[in-house]
Amino acid sequence: MTPAPAAASYRALVALLLVAVAVADDGSTLLEIKKSFRNVDNVLYDWAGGDYCSWRGVLCDNVTFAVAALNLSGLNLGGEISPAVGRLKGIVSIDLKSNGLSGQIPDEIGDCSSLKTLDLSFNSLDGDIPFSVSKLKHIESLILKNNQLIGVIPSTLSQLPNLKILDLAQNKLSGEIPRLIYWNEVLQYLGLRGNNLEGSISPDICQLTGLWYFDVKNNSLTGPIPETIGNCTSFQVLDLSYNKLSGSIPFNIGFLQVATLSLQGNMFTGPIPSVIGLMQALAVLDLSYNQLSGPIPSILGNLTYTEKLYMQGNKLTGPIPPELGNMSTLHYLELNDNQLSGFIPPEFGKLTGLFDLNLANNNFEGPIPDNISSCVNLNSFNAYGNRLNGTIPPSLHKLESMTYLNLSSNFLSGSIPIELSRINNLDTLDLSCNMITGPIPSTIGSLEHLLRLNLSNNGLVGFIPAEIGNLRSIMEIDMSNNHLGGLIPQELGMLQNLMLLNLKNNNITGDVSSLMNCFSLNILNVSYNNLAGVVPTDNNFSRFSPDSFLGNPGLCGYWLGSSCRSSGHQQKPLISKAAILGIAVGGLVILLMILVAVCRPHSPPVFKDVSVSKPVSNVPPKLVILHMNLSLLVYEDIMTMTENLSEKYIIGYGASSTVYKCVSKNRKPVAVKKLYAHYPQSFKEFETELETVGSIKHRNLVSLQGYSLSPVGNLLFYDYMENGSLWDVLHEGPTKKKKLDWETRLRIALGAAQGLAYLHHDCSPRIIHRDVKSKNILLDKDYEAHLTDFGIAKSLCVSKTHTSTYVMGTIGYIDPEYARTSRLNEKSDVYSYGIVLLELLTGKKPVDNECNLHHLILSKTANNAVMETVDPDIADTCKDLGEVKKVFQLALLCTKRQPSDRPTMHEVVRVLDCLVRPDPPPKSAQQLAMPQRPAVPSYINEYVSLRGTSVLSCANSSCTSDAELFLKFGEVISQNTE
């Protein structure tokens with residue numbers, strides 16, 4: 001018989017041997033799992049041999065050395081999940097989210113008997129949820145959202161005694177919600193939105209005594225809300241929106257103390273229960289797009305913590321209770337598309353935090369209250385389609401943050417207040433279909449960020465002001481059905497972004513030649529005016545139908561069906577004999593004056609003394625050369641090589657210029673920028689600024705090579721960039737769009753940041769760019785970024801601030817603080833740069849179809865879904881999506897609402913420099929031909945110890961790391977970004 005100590009030793013030895021065998025098996029299991037993945041070479045390169053506990057994403061138990069956790073999230077892995085995963089008996093956590101995995105979830109996953117967390121979200125997994133999942137008795141968190149899973153939700157999930165989080169959102173699941181799942185005593189989070197679930201909401205829902213989050217949005221659930229809903233006292237978020245639920249909203253729903261109650265997009269009828277006014281914890285109340293009727297309960301004014309109140313798209317009647325003015329934290333109030341009546345309550349003036357007010361399509365009457373101007377943070381005001389009367393309050397100019405103002409389809413009268421032109425940030429102004437009279441104020445031209453202007457169907461008189469030509473961002477102008485006269489201003493031809501122009505049914509005279517340079521114009525209607533002359537057939541006019549010109553008997557052109565005859569026997573003389581005699585006498589006098597001037601001796605004019613008010617000289621404009629790249633060219637050469645700046649050499653348009661490509665033998669191409677306006681008034685002042693700009697040299701700035709200024713035209717000469725602008729690469733059509741991999745995007749971001757950092761911190765004088773955008777980031781043949789158009793920016797003054805006379809920049813990129821105050825500093829550029837980062841990350845435009853990219857990212861961030869917006873080209877080429885998240889974080893830091901919360905461009909460079917991988921030394925001719933990483937500017941040298949391929953390596957530095965920078969500026973990927 002074996003002695004007891006010997007037996008104990010024997011059992012211990014056997015246990016150790018079993019552990020050793022298990023450990024060895026875990027290593028081989030991981031290698032088998034790797035075989036089922038694709039795109040592993042660059043991310044799982046260390047999964048080859050040796051100590052697997054040191055492999056990427058692997059965490060082992062400190063005692064047994066068995067695999068305890070596997071985290072391969074965000075690595076862009078393809079392929080499938082191997083059934084071998086079931087052999088990891090000791091694994092506690094599996095995180096494979098945000099990859100490109102496909103296929104089915106293997107049944108063997110149920111053999112991971114120790115598993116507590118399983119996260120397979122944001123992949124392309126399909127098939128059913130395996131019933132074997134119900135074997136995971138220790139599972140606490142099961143997250144399978146954002147896949148392609150089908151079938152029913154297994155009722156056996158109710159047998160998981162420790163399940164706290166179940167998130168199956170955004171799949172293709174069908175059937176009913178298993179009733180047994182409502183009896184899970186520990187379940188806290190149930191996310192089922194975005195599936196095809198049917199059936200009703202069970203009365204057993206309140207058996208989930210620990211449940212605080214219940215989201216079934218975007219399904220096909222039917223029936224009423226259970227009367228027992230008031231017993232779900234632990235609920236904090238209840239989202240039943242966009243289903244087919246019906247019946248009335250139960251009275252006892254008011255017993256809930258939820259922060260979010262979303263019932264929109266259903267078929268609820270009846271009145272809004274007054275008891276909802278007792279739900280003091282409500283931050284979001286959304287009852288929109290139902291069939292609710294009756295008045296708005298005045299008791300809702302008690303909801304002093306509510307930030308968003310949505311009631312649009314119902315059948316609500318009666319007046320707006322003035323008590324709503326007590327909702328002191330309200331940001332969004334949407335009451336549009338109802339049958340509300342009465343006056344707009346002046347108490348709304350107390351809602352100083354209101355951001356969006358929508359009262360459209362109701363029956364409101366009376367004047368617009370002056371108190372609205374007290375809503376100083378109001379960004380959007382829509383009162384379209386009511387019965388409002390009186391005049392437009394001039395006090396609206398106090399709404400400095402306003403971007404959208406729509407007062408159309410009312411009975412407003414009087415003139416357009418000139419004060420509206422002081423709302424600097426306005427991008428949409430719609431006053432159409434009213435009874436407004438008087439002229440269009442010329443000051444409207446100061447709304448330089450306006451995208452849409454609609455003044456149609458009023459009683460406006462006078463001329464179209466020439467100042468309209470200052471609206472360089474404008475895309476749509478509608479002045480139809482008024483009494484406007486005069487000519488179409490020549491300045492309209494400077495609107496390079498104009499896509500729609502409607503001037504029909506007015507009394508406009510003259511011709512249409514001024515519109516020939518509106519190259520973006522797609523829709524033109526000048527019908528039923530008094531226009532005359534030839535309709536051009538070149539440029540963009542060939543795209544317009546004859547209907548665009550109807551009702552103008554004086555217009556002619558072969559494709560309009562009327563020939564342009566210079567004279568005829570039957571025609572009346574166009575001018576009188578007396579006028580002809582006067583013209584002849586005047587011409588003779590002018591001829592005599594010219595002869596006297598020619599015969600009189602004079603000295604040749606000196607170019608630099610020419611001013612705009614002096615006559616144009618016959619001497620060719622002088623070409624001022626700032627760098628040797630232009631040393632062999634003269635003005636005549638450039639005109640010859642571009643055939644006097646012929647259209648066929650045009651490579652781009654800007655808000656203030658047209659750009660041509662000038663190519664000659666044995667020289668690098670040159671970009672010639674022709675400014676639209678002959679500004680500034682003082683050539684000497686402008687020359688001084690250009691010479692200062694020409695002296696600025698940096699590898700990430702486009703060099704100004706020379707210039708030519710004269711009353712006949714102002715030309716600037718720059719280095720030519722082979723790959724155009726970043727805008728072109730990201731946003732042009734499919735035929736032109738170039739796919740950018742992640743590394744290239746990172747290097748573009750770093751290069752642009754280095755150029756901007758040089759302007760802000762190392763340039764003398766230091767410069768604010770004022771218009772940072774993807775169109776002003778040019779790419780050379782190696783896709784290295786070069787910042788352009790910094791040349792006409794003002795130098796930073798000693799106080800580091802500057803008050804401009806008008807807001808500069810481009811819609812979508814403008815710092816909201818700058819737009820509100822017109823006070824400019826370096827942080828305004830940082831904000832714009834952050835928007836460019838978002839473009840690089842998403843491939844989306846800053847503003848597209850009225851969708852604001854920054855607002856989109858903020859909303860996705862609030863839902864922890866920001867990675868859904870990543871450009872697919874990044875997902876295909878990025879080795880570590882964690883880097884993408886860090887750049888998202890950096891972009892949101894740069895776009896913080898408070899300028900003081902944003903980093904400097906030096907700090908931005910340091911963060912990006914940690915993410916960009918240094919190029920290895922070239923080993924072949926092919927490698928030598930590849931673009932090399934830009935040299936780091938001198939101001940980075942002090943941070944050389946920060947070099948590394950990840951934030952972790954940077955954070956180990958004794959210097960300030962990017963991780964510490966993130967801490968310094970606050971947590972960004974949260975709901976409190978702004």
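Note that Cβ sites are derived from N, Cα and C of the backbone, with glycine treated the same way.
Confidence annotation: the topological domain 'Extracellular' (25-577) carries a mean pLDDT of 90 in the model. Taken from Swiss-Prot, the feature topological domain 'Extracellular' covers 25-577.
Taken from Swiss-Prot, the feature repeat 'LRR 1' covers 66-87, and the record attributes it to sequence analysis. Taking H, G and I as helix, E and B as strand and the rest as coil, DSSP gives the repeat 'LRR 1' (66-87) the counts 5 helix, 7 strand, 10 coil.
Nonlocal intrachain contacts for the repeat 'LRR 2' (88-112), taken as residues 6+ away from its ends with a CB within less than 8 angstroms of a stretch CB, comprise 22, 26, 29, 37, 39, 61, 64, 66-82, 118-130, 132-136, 143-144, 149, 867, 875, 881. Positions annotated as repeat 'LRR 2' by Swiss-Prot: 88-112.
Secondary structure by DSSP for the repeat 'LRR 3' (114-136): 5 helix, 5 strand, 13 coil. Here Swiss-Prot flags 114-136 as repeat 'LRR 3'.
With a cut-off of 8 Å between Cβ atoms, the residues of this chain six or more beyond the repeat 'LRR 4' (137-159) that come close are 97, 105, 113-129, 131, 165-178, 180-181, 183-184, 191-192, 197, 868. The repeat 'LRR 4' feature in Swiss-Prot is assigned to 137-159.
Sequence-remote contacts of a segment are chain residues at least 6 beyond its ends whose Cβ falls under 8 Å from one of its Cβ atoms, and for the repeat 'LRR 5' (160-184) they are 116, 121, 129, 133-134, 136-154, 190-199, 201-202, 204-205, 207-208, 210, 215-216. Annotation comment: Swiss-Prot describes 160-184 as repeat 'LRR 5'.
Among the features that Swiss-Prot reports, repeat 'LRR 9' is placed at 259-278, with the record citing sequence analysis. For the repeat 'LRR 9' (259-278), the DSSP counts in helix, strand and coil order read 5 helix, 7 strand, 8 coil.
Residues or ranges marked as repeat 'LRR 11' by Swiss-Prot: 304-327.
Across the range of the repeat 'LRR 15' (400-423), the DSSP-based residue counts are 5 helix, 7 strand, 12 coil. Per Swiss-Prot, repeat 'LRR 15' is recorded for 400-423, and the stated evidence type is sequence analysis.
Residues annotated as repeat 'LRR 17' in Swiss-Prot, with sequence analysis given as evidence: 449-470. Look at the repeat 'LRR 17' (449-470): DSSP puts its residues at 5 helix, 8 strand, 9 coil.
Feature annotation from Swiss-Prot assigns repeat 'LRR 18' to 471-494; the stated evidence is sequence analysis. Note on the repeat 'LRR 18' (471-494): residues 427, 432, 440, 444-445, 447-465, 500-512, 514-518, 520, 525-526, 655-656, 676-677, 810-811 of its chain, located 6 or more positions outside it, place their CB under 8 angstroms from a CB of the stretch.
Taking DSSP states H, G and I as helix and E and B as strand, the repeat 'LRR 19' (496-518) has 3 helix, 6 strand, 14 coil. Positions annotated as repeat 'LRR 19' by Swiss-Prot, on the basis of sequence analysis: 496-518.
Per Swiss-Prot, the feature repeat 'LRR 20' maps to 519-543.
Look at Swiss-Prot and you will find 578-598 tagged as transmembrane segment.
Per Swiss-Prot, topological domain 'Cytoplasmic' is recorded for 599-978.
According to Swiss-Prot, the feature domain 'Protein kinase' maps to 645-916.
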Outside the repeat 'LRR 19' (496-518), six or more residues from its ends: residues with CB under 8 Å to it: 456, 464, 472-490, 524-536, 538-541, 549, 551, 555, 653-655, 658
Least surrounded among the binding-site residues, given as Ile651, Val659, when other CB atoms within 10 Å are counted: Ile651
Close approaches to the repeat 'LRR 11' (304-327) from elsewhere in its chain (Cβ under 8 angstroms; 6 or more beyond its ends): 264, 272, 280-298, 333-351, 358
Intrachain residues whose Cβ lies under 8 Å of the repeat 'LRR 1' (66-87), provided they are six or more past its termini: 19, 22-23, 25-26, 29-30, 32-33, 35-40, 43-44, 52-53, 56-60, 93-112, 119-120, 125, 867, 875-882, 884-885
Residue distribution over DSSP helix, strand and coil in the repeat 'LRR 5' (160-184): 5 helix, 6 strand, 14 coil
Surrounding CB atoms that lie within 10 Å of the CB of Ser657 (ATP binding site), all protein chains: 19
Residue counts (helix, strand, coil, in that order) that DSSP gives for the repeat 'LRR 18' (471-494): 5 helix, 8 strand, 11 coil
